[in-house]
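These notes concern the structure reproduced below.
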Amino acid sequence: MSTIATTPTVASGKGADSSKSPDQYGKQQSKSPEKEKKVVSVDNKLENRLTMKDLAKLQKAFMTEGDGYDNKLALYRDMFCEALSILLDKGSREEYGELFDKIDVAKEGTVDWDKFASHMLLEFYERDDRVKSTQVPQWKDLKNLQSPHKDIVQRVQYLKNSSRYVSISKEGTVGIWGSDLKLSKSYKIGTDSCKARDLWVTHFIVLQNINKIAIAFTSKEIAIYDMGNKLEFNCQYKVQGLEYTPLSLDYWNNPKDANEAILCWGDVGGYVNCLFFNSANIALFERPPAPAGEKQEPCLNVQLSEIGNETSFKNETFTRHEGHKKEWVRQVKYAHYLECFISCATTSTNSMVIGWMEKKTGTSLKDQETSKKIQKTSSFNINQGVNAFDYNQQLNIIATAGVNHHVCLWNPHIVSKPNGVLRGHMASVIQVQFIKSRGQLISFSKDKVLRIWDVQLQVCIQRLAGMFPKGPEVTSTLFFDEEKDRSGMERNKMLITFNYMLTLMEMKVEMRDKIMSHEKPVIASLYNSVYNQVVSACQAGTIIVWMVDTGQKVKQFNNTHANAEVTCLAQDPSETKLFTGSTDGTVKVWDFNGHCFHTLECVGGQPADVGQILNLKRSVVVVGWAKYITIFRTTAFKGFHVQPADWKGGQEHGEDVLCAAFTSPNVLATGSYDGEIVIWNTNSEQASRHLSQRSRRVLMKSRGKSFITSKEEGNIGDVSDRPKSRPKSISSRLSTKSRGTQDDQNEFGLAVAKLIFLEARKGGSAGSGANLVSCGGNGWVRFWNTSHSQLLAEFVAHEHAGSITMALDKNNQYLATGDVDGQVKVWDILEYCIRPSHDLITQPPPLKSQFQPHSDMINTLEIMERNERLLVLSSSSDCSVALYDVRGNKIGIFGQEEHWKIEPYNPAEELEEEEPEQQEEEKEEVKEPEIEPDLESDWEPDEKAITEPDTYRINAWDKTLLGKNYQESRVRKRERKQPGTIPDLPYLHWERTGQAPAGPYSALDTQILSDFDPPPKPDMTYTERVSSPVHLPRLPNLVDSLRQPVPEKEIFPKYILDFEAKMKSYHRNQLQMSQSNSSTGGGILSLKGKLGMGFAKSSLQNIGMQLGKQALNPGGTKQQPQQAKSVRSLKIKSVSRRTSIVSTETSQAY
């Protein structure tokens, strides 16, 4: 421990090392995330290997005095790695460095105990969320099934042979349900032994191997019905002569021997009765021969006392034992693994009894088959008794549903105390059932609360309440079907009955490899540049804040709008407040700590679907549910509830307003469901322009005109014959571009889903360039000029995709579009629609990239810049928020196990990766020449030439070697270019187009010549020259002719450039002075004399030294220490890597 305490002292004594910035420590980590990412399992992560003792050591080490938070120790990166390697010795220095980078998200360069503990807490929270998302079952909404029953449903079972469900109620109604749980048939059953009004069905069990069902009646008999006949519900056997009324049934068959089976039941007298079958697959009971001349009765009455007799029913054996003295046996079950019968009752003594059965080995085979009796019993005493139980063979555990609100887990061989007690229910537990595939337990209590327990951990992992039917006390049963269907998929359906009602809860299909950011579909996500975080919201009203640099979850707010569904998310211009809109017609204002400041009531407390929230300078605009604009003044944000103000412009749209966009100083654009865009002045709040070229009203008129014209001309589809002034019908184009009927396209294809102003093209509207982009139905993207109310361009970004959404970067270079299938396309629009055009542009801009971040509809998109990389943030209905770059490279999905690190984009790495691929392709292309087989050696005569010599004719072109060689040479011959494209040139069809016949020159693609520097003028000054026999040409000035790949301003510091400029100006002045002296009569001789004396050279050196001193010390010699100190402080406090490099170069230059 003393080593750690002295580590900062030793490091600070080195001077230069202690002043290193955090980015200088991290210079070595400049590799791309793809290169440095290693596949590390969850259990092998360093955070998961730390124990409580390790954390205690680290806390004690960090609690020493230092320069960190609260005067505690704060370590740089290399110091952190060294300290952890000494203290823990559980990883390498690379792992410690990666841990430091994860903790130091803000790039402050140091880590203290507060940051370390916060990181570990967030890591544990994320792990818990991941465990819950993978282990906790996710259920679909509760469904009420159509019920044919009029009384309490006693039980629900599944029929494996017919893939159907069966339910039987107390009054004797049998319901047959299909695999989709739709009622197919219903029957009414009864018995002749008593009247129907006195008859109740107490229980039933399905005999799966023989496709029969056994039903227990209050008439003290068990009827066995055949389920093989789809038309009738026939009773085949009736077991009569029971001493007590049967209450519960169970059936088991041997999977290795189809004839071996056991039917057991518990009765009101406390007995457990067992009926063994030795020929179940042939016939449960042997039918006696019918009397002569009489038909066989369809139902065989079997007396219980006759079973086991050698004369009547010799293939069946009956035995029983009294487990519960004169108490009702609530449930009975045969456990083949233990070879015992388990039963329970609602008494404190003998609450659960296990009857152990042993086979006696006799001298004869008859003794071995017939002598099956209960040898001993084990009694479990539970306070207030047990309502039901379930046995898990894999875990060898019995779970009991106690009347005392507890669920107990028992070892079958230990009766003294349970292995575990699951507490949490507030009422009597009426049923329990194991989910064997997941190692979980379901329990349902009398107060309609469903709990799911982890059996190994003995903790409740899920509680479901409030969704079940409300009302007085009811009788309920639970059946969970976890078996696999014929396709191998688990059904995972839970049927719960409430008296005569049947409800279905279906488990969602698990995507084990799928990463989910939210539990519900994500409706919006946005980037906050102030806190460097991503905020996402789902339909359930959960808002989660993530770190964009790592993908780590920071905060989470739940139930922001109670039970209402959240529809949109926005933030104010200062990026310190959040706005959420929902279907209850309210907009709430939050801070990043989850505190709600205001509630904006859009419709006066009435429900309304808020579509978009737009923050202006001094107001908030809300649209989405009406044909008008709702506005809130920020001056009215005084109380908690805020009412809307009046919009002076009134109603200008014919349909609901879906979206809005704003650009300074006072332009507001709104788009409606019918495709119309209205431009507003926010100062006067009046509409200034209507962009109606693609609205339903205009298109209906144009479609009517086109129909009349086409009816007269007789050709509807010939667009070239129409005059240019008539707008082309968009509905006809949609029919060719998109699938579906024309009525659907007219209904949904015109809606404007998103509007964005091109802020970087300010002033472009005056030059007739596009300054507004819209997108919406059928995948269309349109570019508008709002000043001239002109539609400049439109194209289909996503075919057959329905409605789309979009986003733009700040420089308006890239346009990202997302469709309902989860696909994103990035378009380069830097040079798109920047010039006026008289014709409508239908050609799309260049496609930069295309990728698929989601599997469901994309709700929002945003392009942001981080670490010199343009990133695409997308949220989808598949419950995930993804982060990619504009080139399609995946950064990560928020909520994943591995955190990421965003590095600046390096195109050289992609080139290095592409080079080996190109080399492999070239190697594949270069192949050894194949040796052609000798065709003459394999020649055989044609069969037709032998069989039909009279009619056979030889085709010299296909059958001879000469013809084949000639044919190959013709194919390989260079194809002559045919003038197929010449008739499309404009100078050949000028009569039809109306253009002047300018000749072929007008068809050439000519461009304006690029500007070039004029040649330097010769020096016309005459001076005395020394005669020389050889006249050499003047060499060009390389300094002026060479072009530098990088501007000088980015290479040299400012003081060097200023020094150079001053030297040039001084040299220019000297030349002018020399020229003036020569013109006045001094001539060149005076200048030669000065140069000979070294005057000019020394003066230049003196001036250079003076200028250099001024650049180094502009304040004088007295401020030199202060300047050096400022430079050193600049070196210590530099944050970015580039600043640190420049400061280092500056210090070296000094």
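Cβ coordinates come from backbone N, Cα and C, glycine included.
Taken from TrEMBL, the feature compositional bias 'Polar residues' covers 1-10 (among others).
The annotation region 'Disordered' is assigned in TrEMBL to 1-40 (among others).
When Cβ-Cβ distances below 8 Å are used as the criterion, the domain 'EF-hand' (91-126) is approached by residues 21-23, 25-26, 29, 46-47, 49-50, 55, 58-59, 62-63, 66, 68-70, 72-77, 80-81, 84-85, 532, 547, 549-550, 552-554, 895, 899, 901, 1135 of the same chain, each at least six residues removed from its ends. According to TrEMBL, the feature domain 'EF-hand' maps to 91-126.
Listed as Cβ neighbours of the repeat 'WD' (422-456) (distance under 8 Å, sequence separation of 6 or more from its ends, same chain) are residues 135-137, 387-392, 394-395, 397, 399-409, 462-465, 468-469, 473, 476-480, 482, 490, 494, 496, 498. What TrEMBL lists as repeat 'WD' is 422-456 (among others).
Per TrEMBL, repeat 'WD' is recorded for 559-593 (among others). Outside the repeat 'WD' (559-593) by six or more residues, the chain places 523-526, 528-531, 533, 535-543, 545, 599-603, 605-615, 617, 620, 622, 624-625, 632, 637 with a CB less than 8 A from a CB of the stretch.
Summarised as a single figure, the pLDDT of the repeat 'WD' (650-690) averages 91. What TrEMBL records for 650-690 (among others) is repeat 'WD'.
What TrEMBL lists as compositional bias 'Basic and acidic residues' is 711-724 (among others).
Feature annotation from TrEMBL assigns region 'Disordered' to 711-743 (among others).
The repeat 'WD' annotation in TrEMBL covers 805-829 (among others).
What TrEMBL lists as region 'Disordered' is 907-951 (among others).
Residues annotated as compositional bias 'Acidic residues' in TrEMBL: 909-923 (among others).
Residues or ranges marked as compositional bias 'Acidic residues' by TrEMBL: 931-941 (among others).
The compositional bias 'Basic and acidic residues' annotation in TrEMBL covers 942-951 (among others).
Per TrEMBL, region 'Disordered' is recorded for 968-987 (among others).
Sequence annotations record features per position, and here TrEMBL assigns region 'Disordered' to 1109-1132 (among others).
Feature annotation from TrEMBL assigns compositional bias 'Polar residues' to 1116-1126 (among others).
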Cβ-Cβ under 8 Å with the repeat 'WD' (805-829): same-chain residues at least 6 beyond its ends: 753-754, 756, 758-761, 773, 775, 779, 781, 797-798, 844-865, 870, 872, 874, 876, 878, 884, 886-888
Secondary structure content, the repeat 'WD' (650-690) (per DSSP, counts of residues): 0 helix, 23 strand, 18 coil
DSSP-assigned states of the repeat 'WD' (559-593) in counts, ordered helix, strand, coil: 0 helix, 17 strand, 18 coil
The domain 'EF-hand' (91-126) - residue tally per DSSP class, helix then strand then coil: 25 helix, 2 strand, 9 coil
